[in-house]
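Listed in TrEMBL for this protein:
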type: BINDING; residues: GLY32, SER33, GLY34, LYS35, GLY36, THR37, ARG145, ARG188; note: ATP binding site
type: BINDING; residues: ARG58, LYS79, ILE80, VAL81, GLY106, PHE107, PRO108, ARG109, ARG149, ARG160; note: ribonucleoside 5'-phosphate binding site
type: BINDING; residues: ASN113; note: CMP binding site
Amino acid sequence: METVVDASTSEEANGSAVEKKPTVVFVLGGPGSGKGTQCAYIVEHFGFSHFSAGDLLRAEMNSGSENGLMIRSMINEGKIVPSQVTVNLLQQAMEESGNDKFLIDGFPRNEENRAAFEADTGIEPAFVLFFDCPKEEMERRILNRNQGREDDNIETARKRFKVFLESSLPVVEYYESIGKLQKIDAARAIEEVFESVKTVFASINEKVKPHGRAQKKFTLLKLQLKWKMNLLRNGVCKGY
Ligand SMILES: Nc1ncnc2c1ncn2[C@@H]1O[C@H](COP(=O)(O)OP(=O)(O)OP(=O)(O)O)[C@@H](O)[C@H]1O
Ligand SMILES: O=c1ccn([C@@H]2O[C@H](COP(=O)(O)O)[C@@H](O)[C@H]2O)c(=O)[nH]1
Ligand SMILES: [Mg+2]
């Protein structure tokens, strides 16, 4: 198993140890773009714990908790559950895991989610994976998924897609603007997509190994510049 080192942590300043924050990678993409599928492979190869915000909300909905009815109605309408509910579930899952490397799948879904997670946990993502897939392919995948999800029907899928465009893409664009976005072409076969994912994790690992503060800053600036050039050349998504 390969390891991934967070650029922002595990450093010593003035001889004293700085508190090591967990490494978080946000995994974003439209409904059905393949986030959960790829996260399972990443867990196997890179030792992360995977938490899908949607899965946590579905478990909470089925647990008989006081938020259950509210969550069911939001999910069936494709709407975004209030940040505090989702951030609490994510925080609890991370604390209970005993791990310090997390894939947070399907979150943050809007700017409010993003700000609430950062304010409550004090954690910023090491980077953000974005699975870019055409709408028609995502629809096909959702309608063929057959996992008994109440929201896997054409009507709700279209509502989820609209919410993705209006609320989630701006978060993707935000991470692009600060040089943290790693865009993956998700319209290919599962194995091909994972080859690209592997390259991202391997290259991050290589480039952010702990070294001097000045060199680390220089390396990050170079990386950000490279990502920005790529995004300028290719645009942020498949034009939906
Ligand atoms: N690259 C791929 N090619 C074809 N089918 C895929 C691919 N990746 C995933 N799938 C299939 O598409 C469906 C959706 O995948 P997955 O559940 O991973 O998406 P997701 O992004 O997590 O969706 P959601 O946002 O709805 O949770 C699943 O049935 C999965 O097996
Ligand atoms: O952060 C989140 C994540 C999910 N939701 C709601 O859950 C469904 C399903 O999410 P998946 O990622 O597709 O499993 C989503 O449409 C939202 O209604 C949320 O509110 N906040
Ligand atoms: Mg999923």
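Every residue, even glycine, has its Cβ placed from backbone N, Cα and C.
Whatever TrEMBL says is automated annotation, not expert-curated.
Structural mapping of features recorded in TrEMBL.
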{"residue": "GLY32", "record": "ATP binding site", "Cβ contacts under 8 Å, 6 or more apart": "CYS133, GLU137, MET138, GLU139, ARG140, ARG141, ILE142, ARG145, ALA157"}
{"residue": "SER33", "record": "ATP binding site", "Cβ contacts under 8 Å, 6 or more apart": "PHE131, ASP132, CYS133, MET138, ARG141, ALA186"}
{"residue": "GLY34", "record": "ATP binding site", "Cβ contacts under 8 Å, 6 or more apart": "PHE131, CYS133, ARG141, ALA186, ILE190, VAL193"}
{"residue": "LYS35", "record": "ATP binding site", "Cβ contacts under 8 Å, 6 or more apart": "VAL27, LEU28, GLY29, SER52, ASP105, GLY106, PHE131"}
{"residue": "GLY36", "record": "ATP binding site", "Cβ contacts under 8 Å, 6 or more apart": "SER52, ASP55, ASP105"}
{"residue": "ARG58", "record": "ribonucleoside 5'-phosphate binding site", "Cβ contacts under 8 Å, 6 or more apart": "ILE71, ILE75, ARG149"}
{"residue": "ILE80", "record": "ribonucleoside 5'-phosphate binding site", "Cβ contacts under 8 Å, 6 or more apart": "MET74, ARG109, ASN110, ASN113, VAL163, SER167"}
{"residue": "PRO108", "record": "ribonucleoside 5'-phosphate binding site", "Cβ contacts under 8 Å, 6 or more apart": "PHE26, ARG114, PHE117, VAL171"}
Legend entry - Sequence-ordered binding-site residues from GLY32, GLY36, ARG149 with Cβ under 6 Å of an atom of ligand 3: GLY36
Inset, instruction - Taking a cut-off of under 6 Å between Cβ and any atom of ligand 1, tell me which of the binding-site residues GLY32, LYS35, GLY36, ARG58, ILE80, PRO108 pass. - result: GLY32, LYS35, GLY36
Legend entry - Diameter of the ATP binding set by C-alpha atoms, the set being GLY32, SER33, GLY34, LYS35, GLY36, THR37, ARG145, ARG188, in angstrom: 17
Inset, instruction - Taking the Cβ of THR37 (ATP binding site) as the centre, count every other Cβ atom within 10 Å, in any protein chain shown. - result: 15
Inset, instruction - Using all protein chains in view, find how many other C-beta atoms are within 10 Å of the C-beta of ARG149 (ribonucleoside 5'-phosphate binding site). - result: 13
Legend entry - binding-site residues near ligand 2 among LYS35, THR37, ARG58, ILE80, PRO108, ARG145 (Cβ under 6 Å): ILE80
Legend entry - Where GLY106 (ribonucleoside 5'-phosphate binding site) falls in three-state DSSP terms: coil
